[in-house]
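*Asks:* Here it is, the structure in full.
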Amino acid sequence: MSTKSPPAGSRISEAVDWTRSYWEDHPKRSLETLGRQITMGIAAVAELFIAIFRRRFPFGEFVRQCAFMANVAAAPTLLVAVPIGVIVSIQVGAVAGQVGATSFIGAANGLGIIQQGAPLVTSIMIAGAVGSAICADLGSRTIREEIDAMKVMGVDPMRRLVAPRLGAAMLVSVLLCGFVVFVGFLTGYIFNIFAQGGTPGSYVGTFSSFAVTLDLFVALLKSLIFGLLAAIIACDTGLNTRGGPGGVANSVNSAVVSSALMLFGVNLIITQVYTALFPPQVV
């Protein structure tokens, strides 16, 4: 006995209703999630400083999380930083050769790595590797009802779980940014000297003429903010996981995508503000 498929008009009506419902509910849910994450971020940062000041901060968990995050993100960061340094050198060298400004390759390459390359690589690693690991860990604890058990026993999950991961993500993010700056600059230097025929003195000299300490400080500040935001988003998403193991996978995907979009947007804002306040100039 054959079954009749629903008429085309019915399917179109269902699609229209689903689309209308999605566009009506999705902005509301997005704003609710944003508000929840802002509230949690403020509470987590306050708890972090209060716990440190009152000497109740779980340094053991903090050290374990630092080691875990560094172990997760160090190798991918190295594998991304080296090609970034080479690609920037190739592109900058090609443009500089066309306009006859090969002596400024060092400045362009070094500043490109410090101001944009290192923060962007750090944001990708923090959102992809560190954020997903945090979300998966807390999401698994949530569906196993460990978080509820901690609350019943009088243990504050914000202090025991969120605050150490928040501090660890910020510290590891800063260290990763410094690592990318070093590896990227060294890779660009070696590639320029041995593959593009540049001179060491010209490369370092032009870089030192344009680069200032504030450039590195802003890059590290960006990475600190990236670590803070990625940890907040990952912790909030993990602690609000629903639906069993499949819900953990959905939460990890949501945390990675949300973190990446947030970090790239914040990077754009910080870059524009810094460029407007401190325009590039020769030292």
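Each Cβ is built from the backbone N, Cα and C atoms, and glycine gets one as well.
Pulled from TrEMBL, these are the listed features:
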TRANSMEM  34-54  transmembrane segment
TRANSMEM  66-93  transmembrane segment
TRANSMEM  113-136  transmembrane segment
TRANSMEM  168-191  transmembrane segment
TRANSMEM  211-234  transmembrane segment
TRANSMEM  255-277  transmembrane segment
*Asks:* Hey, does the transmembrane segment (168-191) touch the transmembrane segment (66-93), meaning at least 3 C-beta pairs closer than 8 angstroms, sequence gap 6 or more?
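*Replies:* Between the transmembrane segment (168-191) and the transmembrane segment (66-93), which are separate recorded stretches, there is contact, as judged by 3 or more close Cβ pairs.
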*Asks:* In terms of Cβ proximity under 8 Å, which residues at least six beyond the ends of the transmembrane segment (113-136) contact it?
*Replies:* 68-69, 72-73, 76-77, 80-81, 84-85, 88, 165, 169, 172-173, 176-178, 180-181, 184-185, 188, 211, 215-216, 218-219, 222-223, 226-227, 230-231, 233-235, 237-238, 241, 248, 251-252, 255-256, 259-260, 263-264, 267, 271
*Asks:* Take the C-beta pairs under 8 A between the transmembrane segment (168-191) and each of 34-54, 211-234, 255-277. Which stretch has the highest count?
*Replies:* 211-234
